Amino acid sequence: MEAEPPLYPVAGAAGPQGDEDRLGVPDGPEAPLDELVGAYPNYNEEEEERRYYRRKRLGVLKNVLAASAGGMLTYGVYLGLLQMQLILHYDETYREVKYGNMGLPDIDNKMLIGINVMPIAALLYTPVLIRFFGTKWMMFLGVGIYALFVSTNYWERYYTLVPSAVALGMAIVPLWASMGNYITRMAQKYYEYSHYKERDEQGPQQRPPRGSHAPYLLVFQAIFYSFFHLSFACAQLPMIYFLNHYLYDLNHTLYNVQSCGTNSQGILIGFNKTVLQMLPRSRNLIVVESVLMAVAFLAMLLVLGLCGAAYRPTEEIDLRSVGWGNIFQLPFKHVRDFRLRHLVPFFIYSGFEVLFACTGLALCYGVCSVGLERLPYLLVAYSLGASAASVLGLLGLWLPRQVPLVSGAGLHLLLTVSLFFWAPKPRVLQHVWILYVAAVLWGVGSALNKTGLSTLLGILYEDKERQDFIFTIYHWWQAVAIFVVYLGSSLPMKAKLAVLLLTLLVAAVSYMMMEQKLRQGVVPRQPRIPRPQHKVRGYRYLEEDNSDESDAEGECGAGGGGRRGEGGEEDAALPAGPRPGPEPAGFCRRPCPYEQAQGGDGPEEQ
């Protein structure tokens, strides 16, 4: 009986062709070593390098999209919850039935004070926090504090709402400063990965040409602000799909309102104290807040899981090692730079115009005339106009960089002058299309303003050692402007429009003066960034002391038997000139292969 052939060939066994496989290469123990461990015959180093850097570029795009989506969801949840919360707490019946004499209006006032006042101190701690945690982890921490603010609305009490609002106010400037720094760093990294051959020719220590990352920065900022401005539309979803079903119509809420628009004073004087025709069930409120909490948690996961690091680990160490005192002082020292001084009015106006869109245009012109039930649709129009117009920031690829910024300022100038002479009548819907057009156009101007300013800062300040300071100053001035708007909320509308118009004119003129100085070749005065001082010596920083040496080697070095490296004190003590023969290996030093071949005297042989 013949034996059946094995189902699988035995390793090393001779096949039908003897000890050779189908390619003619001997198999088994006689196989040549080069065929097993040698280089892959079809390996193309250039192609593999190209694929590697293509994956790196895709990773950068993933980081930008994840950070943009995380910022959109975070700000959308915050605005939507705050808007719904303030409307519910405004209603007298809701306060009396749900909370009795707890003093809910006083809690809301203190909560708004915490959100608007705390960012004033942000210039003192924001750079320290960003350098301590790192850019990505500061973003994650800021998004987490926003989620904390959402979670406290499950149990609305003084000791939950007010502390969370204070924490939120402290996180506003660090979060958005780190976001701006992160997008700028991603543009610089994308340039490095796209021009890796030039970088290899120039050397890793050679900096790229100035302005080389500007095209990528324009694209990434357009993507970021397209997502960010959609947050205003996302914030209206709780109003559209939940709260609008409980609101009275405009004939009830606007019954005592006498003047709107430019003739109004304060915010919604005469607005009815009851805006809810029936109270929402607590179970439904918990469902809505749970959805908002889930979205905030999703934003945290996006930042944590999909956003890569903005700097290499050694770069993070370098940024921290300039000294915490210097990190604290450097934002103030950057005031010496005339470019920042000329841009401060634009920073302030950037805060003014966002608050005017949400309070002045939407409330004093919109809600005052067409009712509270149309507020979400006005803000959606503003959001979609701003999001679509953020793409116009790409005009900077072909036009001078002044064009988008000045165009947005010019559009806001025309709208502000027009609003100065317009007073819509309460409870009249014939002019509602004018409100929608004004909201869309204001959104277009806001998009050009935000995209232009962030791109300009990323182009003017390319050094990675100072970008977090610059974006901290930018968002701090925005926070100061928002605080000023909060203080002046009771002023007449004509006064608000006059301040807005004056700030816009000063900002435009100051910016053009800055561009004129740059064309004339005036050199800005930038503070010097101190060199990193590394207290912990690791493998990356081997200076005079060898941090990788063992205890025995350290004792030998202290005894004078070893050398500390080139340029050390021991080397200086040796006489100059050629040294005859191999240097004898001292105790505690392992002989080199040449010394071993000559019969070395290592510690094992002694």
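Any Cβ shown, glycine's included, is placed from N, Cα and C.
Among the features that TrEMBL reports, region 'Disordered' is placed at 1-33 (among others).
According to TrEMBL, the transmembrane segment annotation covers 60-81 (among others).
Within the same chain, residues 138, 141, 161-162, 165-166, 168-170, 172-174, 177-178, 181, 324, 327-328, 330-332, 468-469, 472-473, 475-476, 479-480, 482-483, 486 sit at least 6 positions outside the transmembrane segment (111-130) and bring their C-beta atoms closer than 8 Å to a C-beta of that stretch. Here TrEMBL flags 111-130 (among others) as transmembrane segment.
Per TrEMBL, the feature transmembrane segment maps to 161-183 (among others).
If you look up TrEMBL, you'll see 216-243 (among others) marked as transmembrane segment. Residues 64-65, 67-69, 71-81, 83-84, 87-88, 179, 183-184, 186-188, 190-191, 194, 280, 284, 288, 292, 358, 375-377, 379-380, 382-384, 386-388, 390-391, 393-394, 396-397, 443, 446-447, 450-451, 454-455, 458-459 of the same chain lie 6 or more positions beyond the ends of the transmembrane segment (216-243) yet place their CB under 8 Å from a CB of it.
A Cβ distance under 8 Å defines the sequence-distant neighbours of the transmembrane segment (285-311), meaning residues of its chain 6+ beyond its ends; these are 59-60, 62-63, 66-67, 69-71, 73-74, 76-77, 80-81, 84, 134-136, 139-140, 143-144, 146-147, 150-151, 153-154, 181-182, 185-186, 238, 242, 319, 464. Positions annotated as transmembrane segment by TrEMBL: 285-311 (among others).
Positions annotated as transmembrane segment by TrEMBL: 346-372 (among others). Listed by sequence, the residues of this chain that lie at least six past the ends of the transmembrane segment (346-372) yet keep a Cβ under 8 A from its Cβ atoms are 87, 232, 247, 249-250, 253-254, 257, 260-261, 264, 267-268, 271, 275, 378-379, 382, 405, 412, 419, 422, 424-429, 431-432, 435, 438-439, 442-443, 445-446, 449-450, 453, 473-474, 477-482, 484-485, 489, 493, 496-497, 499-500, 503-504, 507, 510-511.
What TrEMBL records for 378-398 (among others) is transmembrane segment.
Among the features that TrEMBL reports, transmembrane segment is placed at 405-423 (among others). Listed as Cβ neighbours of the transmembrane segment (405-423) (distance under 8 Å, sequence separation of 6 or more from its ends, same chain) are residues 259-264, 346, 353, 361, 365, 434, 438, 441-442, 444-449, 452-453, 456, 494, 497, 500-501, 504-505, 507-508, 511-512.
Under the heading transmembrane segment, TrEMBL lists 429-448 (among others).
Within the chain carrying the transmembrane segment (469-489), a Cβ under 8 angstroms from the stretch's Cβ atoms is held by residues 112, 116-117, 119-120, 122-123, 126-127, 130, 172-174, 176-178, 180-181, 184, 266-267, 330-331, 334, 340, 343-344, 347-352, 354-356, 359, 453-454, 457, 461, 495-496, 499, all 6 or more beyond its ends. Feature annotation from TrEMBL assigns transmembrane segment to 469-489 (among others).
Residues or ranges marked as transmembrane segment in TrEMBL: 495-514 (among others).
Residues annotated as region 'Disordered' in TrEMBL: 522-606 (among others).
Look at TrEMBL and you will find 544-554 tagged as compositional bias 'Acidic residues'.
Beyond its flanks by at least six residues, the transmembrane segment (161-183) meets 63-64, 67, 71, 74, 78, 107, 110-112, 114-119, 121-123, 125-126, 129-130, 135-136, 138-139, 141-143, 145-146, 148-149, 151-153, 217, 220-221, 224, 307, 310, 454, 457-458, 467-468, 471-472, 474-476, 479 of its own chain at Cβ-Cβ distances under 8 Å.
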